[in-house]
Each structure stands twice: as structure tokens, then as C-alpha cells.
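Working notes for the structure below.
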Amino acid sequence: MSQRAGASQCGGVVVEFESGDIRDDRAKRDVNIPGSALIYLKGPKFLIYVSGALSMWGDRMWHFAISVFLIELYGRNLLLTAVFGLVVAGSVLLLGALIGDWVDRNPRNKVAHASLFIQNISVTVCSIVLMLVFSYKQRIEEIWDGWLTVVCYTVVIILADVANLASTALTIAIQRDWIVVITGYNRGHLAGMNATMRRIDQVTNILAPLAVGQVMTLASNVVGCGFILGWNLVSLIVEFFFLSRVYRIVPALSIKPPVLEEEEDQVFLQRTERRMSQGESTVAPPQPQPLTEGNCNSSLHLKEITNLPLCFQRFRWLVSTCKDGWRAYYRQPVFLAGMGLAFLYTTVLGFDCITTGYAYTQGISGSLLSLLMGVSAITGLMGTVMFTRLRKSYGLVNTGIISSCLHLGCLLLCVCSVFAPGSPMDLSLLMPYITSNSSTDLGGMASQRQKHTYPLRGGSNQPLLPDRSSIHWTNNTVLFDNVPSDAAPESYISIILLFLGVITARIGLWSFDLTVTQLLQENICESERGVVNGVQSSMNYLMDLLHFIMVISAPQPQHFGILVIISVLFITTGHTMYFLYAHKAKRKRRLDT
């Protein structure tokens, strides 16, 4: 056991150990089929899969429903949804390192249970508040001159944000740490579990919003809130039981690396706060320690901290923890690979609300879009299958290279769609209007160049940016004003190439995503696994924010071609970073041999 812990602390998967799962696999050959199935159903892998499926299903339902609820609450206006999206992205961006550091510093079972409890209870309480607001909205608006409504909106957004932060912590703990230990640091088993978890995520991403959407459509928003509330309570009990059982039957999960030297500041700071809260003097000297260069620097740092008031001490420690987390992320050998994955988030080439809204303006019906989303889910599953086979045949680093080339090759179809017949791109709309006369002339030229655009007329739903676009979007919902459903473009070649590229590219995309995920799992020291993955989540949210800023800057359908080109440039940059990492990794391997 000490050998396994030492290998995990030093970083990476160097030796494949014989875990309990391997022994179970060997024992399965000696028993009958029903006995083998029973062993698997009681094993840690199956319990993690079921727990992950329940958690992902609840997350997908909640993310879909909260966007719809906020729109309904604010009179079909996107203000609350925009505020919620900004709060969620900003909180993970700022607190990602702190969340990961908290995951590293505490026992695995306490982290999982606390994250699970906070997430589900936050969603449950938020659902209750939403049910009350939907049921007594008029009465609430009359109290405190309408300020009680603002309080309710604030509570809903805060609770939803807390649930998202807890979900981030649970994802880091289970999918980035527990899985590595459960597989016994075996690369093949780790790849299989990563792929299976991603397949579960792909399926729930399609089915969960459909399920809760049907409940909300056939019944009401109040019933939808009640459905989510009941699901979270049941899911909390089942997940808590399953994770507790996994923790008991995998003894390695109870072993964590010892406290590192850089954690001494926090320990001393906690002792200082305890003394101050008990009214003791903070100048009492600590126990004598051997005088070393590290201790001298630490003592100077602690002296600076303890000279500050208690609140500033805590704030300074939080800032120092964030800074140390980003430094730890930067010095990782897989830093370029992680950054490459983050750059892939700055894109409009996915089945999100932006691309869906653009498709509506090009005459694509909702039923056809639903069918295309199903096909994209199938190609995503194909990517997970391709990942396991490529990794087994060519190795993990080469799998990333192959996946990157496949991803970029398919996205070239999207670039071709920008210039294909039927594309509404019109660069003249980006030119500033100097005078009213020139504005009129440019408007006439633009109307001649446009192949199929729809007139913008005032509607009941006011956009966040007035007179800029007829399409409004949320995280999972598309709203559009006055877009004729029966209007057809002159040619469908452009939109066909676009979706052909987006759908086929998901094979390489998810294979690449799984590659980088396993590289992070294998090459990060166990003592830093949480904080580094927390910073990785922050980077992903940061790059995701950039793509929304792109859309806000160029929101019209005629601008979408520019967004496609910019997205491909970001993706190319991300894959270039991975190519640099692969080159360094192969060169280091040659030098070591």
C-alpha cells in the first residue's frame, strides 16, 4: 500500500498495480455468469457509474430548468438568465483554485459527502423558493413595494450558484481523483472508466432536459420544481449510500499524502485564529524547529500575516492559495495540454443555444434540430469508443494527436460553409455608419448582398441589446422574435456543411477531451490533483466566457460566419498547444531511454 501511495504522490502512473478490481476480474473466470454479474454489481466501478449517472441526470435537468424558470420569472426577459450565467462563470473562475485546494486538504469521504449534501440541499431549497414564487407571485410583488421579489430572485441565483460550485467540487473529487485510485493506477482500466463516464454524460445530456421539459410542458412550472425537488432528495440518499460503500470497499481511498511543507502556513494561521477567538495572545512563539532556509522564509511570511487583522489574514491566505494554485497549474508537465483543452471552449461550433438559434434563422425546424442533436450524441459516443481503441493501439499521447487532426479536419467543413451558397455572411454590416447618407447607401448595398435574412420587427420579448438581434439565448433555451417558420433560404448547402462539420467533429473532440483528461489524471501529483483540476475548470469557464463575448459583439446571423472563423482559429491554437506538449513529451521519453 505504501508503494502505491508513493507512486501517486510522485506524480503520474508509473507502475500498474494489482488492484482489487484486477483480482475481481481474475476471480470472475472461475465462477458462473450470474455470480460474475453479482460481483460486478457490488463492485466499486458499477457503484461509481450509478452514482455518476444520478448526479449527471440531476445536473442536466437543473441546468435546463433554471434557465427556463428565470425567464418565466422575469416576464420572458433574459436579464436574470444573463446575471445567473455571469455569476456562475465568475464564481468558478475566481474560486476554482480554492475549491480544488479544499478537495486536496480534506479526506476523500468528507469531500464527497459534503459536496453531495451541499449540492442537493441547495437545489432542493431553491426549488422550494421557486415553487412559492410561482404560486404566490402577485402577492409577493405587493410586499415591500416589490423588493421581496428582488430578494427572492437573489436567493434563487445564489442557491443555484452554490449548487454549481458544489457540483464542480464533486466532479473534481470523483472523476479526477477517486477513479484514479479505484482503478489501481492501471492505465487501461482508467481509460475505460473515463470513457464510460463520458458516455453516461452524453446520454444524460440529451435525455434529462427532454424528461424535465415534458413534465414542465404537460403540467406546470410548479410541478417541474416539485419533480426536481423529489429527484434530488432521492438522488442524495442513493448517491450517499453508494459513495460510502465505495469508500469502504476500496481501502486506498482512505490514504492521502501527508501535509506538504507549503501547507504549514495554513496550519499556523488556523492556530492563530483559534487563539484569538479564545482571547489568547498571538505572540506566543511556536515550538522550536530546526533552522533551515525554508523555515526562515516561512517564518518571515507568517510574521507578515499575523501582523494583520484577522479578517485580512484570512483574505490574504485566500489570495495566496489562489496564487499557489495557478502556479501549481503552470508548472505541471501537462500544462500545455490543459491549456489546449481550455481553448476548445471558445467556439460557437457546438449544439448550444447560439448555433441552434442561428439554425432557426436559416429555416431549420425544431424537430430537425432535435434529430441532429441525437445524431451528434451518437457521434460523441463513437468518439469515446475510438479513444479506448486508439489509446490501446498507439498510446495516450498519439491518441491526442490523431484526435486533434480528426477534429480540425472535420471543422474545415464549417469554414467552407461560411463561403458556400446560402451563407448569410455580409461583412458590410460591420462597417461603421459615418453619415446618414452613407448609412443609407450601405444599407441598400447590404440588402442586395443578403441571400436570406429576415426582417427585424419589434416584439414582446425585449432583447438585452435592443435593435441588435432577433435571437435571444440562454444556457439551454432559444428564444427568437418574429422569425418566419415557413421561410426557406435560397440554398441549404451552407447550413448542411456547417452541421456536417459540427456533428462529425464531435468524434475527434470527445476523444481529445478524454485524452487530456487522462493525461491530467496520470501526470499530476496526488497532493495537487484537486487544485490543478480546479484551476483547469476556471480556465474552461474563462474561455467559455470569451465565446459569449464574441457573440455579443457580433450577434446577427450575417456575423455568424466571422464567429465560425474565429472559433476555428481558437481551436487550432488549442491543438497547436497540444502538439507542442506531445513533441516535448516524446523528446523527453527519447532522452530518458
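Glycine residues also receive a Cβ, built from the backbone N, Cα and C atoms like all the rest.
TrEMBL lists 46-71 (among others) with the feature transmembrane segment.
According to TrEMBL, the feature transmembrane segment maps to 78-99 (among others).
Using a Cβ-Cβ cut-off under 8 Å and counting only residues 6 or more beyond its ends in the same chain, the transmembrane segment (111-134) has close neighbours at 55, 58, 62, 66, 69, 72-73, 102-103, 140, 149, 152, 155-156, 159-160, 162-163, 166-167, 169-170, 173-174, 178, 220-222, 225-226, 228-229, 232-233, 235-236, 239-240, 243-244, 247. Annotation comment: TrEMBL describes 111-134 (among others) as transmembrane segment.
TrEMBL lists 146-174 (among others) with the feature transmembrane segment.
TrEMBL lists 218-243 (among others) with the feature transmembrane segment.
Per TrEMBL, the feature transmembrane segment maps to 334-360 (among others). Sequence-distant neighbours of the transmembrane segment (334-360) (same chain, 6+ residues past either end, Cβ-Cβ under 8 Å): 366, 369, 372-373, 376, 400, 411, 414, 471-478, 480, 483, 495, 499, 501-502, 505, 509, 512-513, 516, 519-520, 523-524, 532, 536, 539-544, 546-547, 550-551, 557, 560, 563-564, 567-568, 570-571, 573-578, 580-581, 584.
Tertiary neighbourhood of the transmembrane segment (366-388): same-chain residues 191-192, 195-196, 198-199, 202-203, 205-206, 351, 356, 359-360, 399, 403, 499, 502-504, 506-511, 514-515, selected by CB-CB distance under 8 Å and a gap of 6+ residues from either end. The transmembrane segment annotation in TrEMBL covers 366-388 (among others).
If you look at the transmembrane segment (400-420), the same-chain residues 6 or more away from its ends with a CB under 8 A from one of its CBs are 337, 349, 383, 386-387, 390, 394, 491, 493-498, 500-502, 504-505, 507-509, 511-512, 515-516, 519, 561, 564-565, 567-568, 571-572, 575, 578-579, 582. The transmembrane segment annotation in TrEMBL covers 400-420 (among others).
If you look up TrEMBL, you'll see 491-509 (among others) marked as transmembrane segment.
Look at TrEMBL and you will find 530-554 (among others) tagged as transmembrane segment. Beyond its flanks by at least six residues, the transmembrane segment (530-554) meets 85, 89, 92-94, 96-104, 168, 172-173, 176-177, 324-326, 328-329, 332, 338-339, 341-348, 354, 430, 465, 473, 520, 524, 560, 562-563, 566-567, 570 of its own chain at Cβ-Cβ distances under 8 Å.
Using a Cβ-Cβ cut-off under 8 Å and counting only residues 6 or more beyond its ends in the same chain, the transmembrane segment (560-581) has close neighbours at 334-337, 339-344, 346-349, 358, 400-401, 404, 407-408, 411, 414-415, 417-419, 423-425, 427, 430, 498, 512, 516, 543, 547, 550-551, 554. The transmembrane segment annotation in TrEMBL covers 560-581 (among others).
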Tertiary contacts of the transmembrane segment (491-509), defined by C-beta under 8 angstroms and 6+ residue spacing from its ends, are 344, 349-351, 355, 359, 362-364, 372, 375-376, 379-380, 382-383, 386, 403-418, 420-424, 451, 564
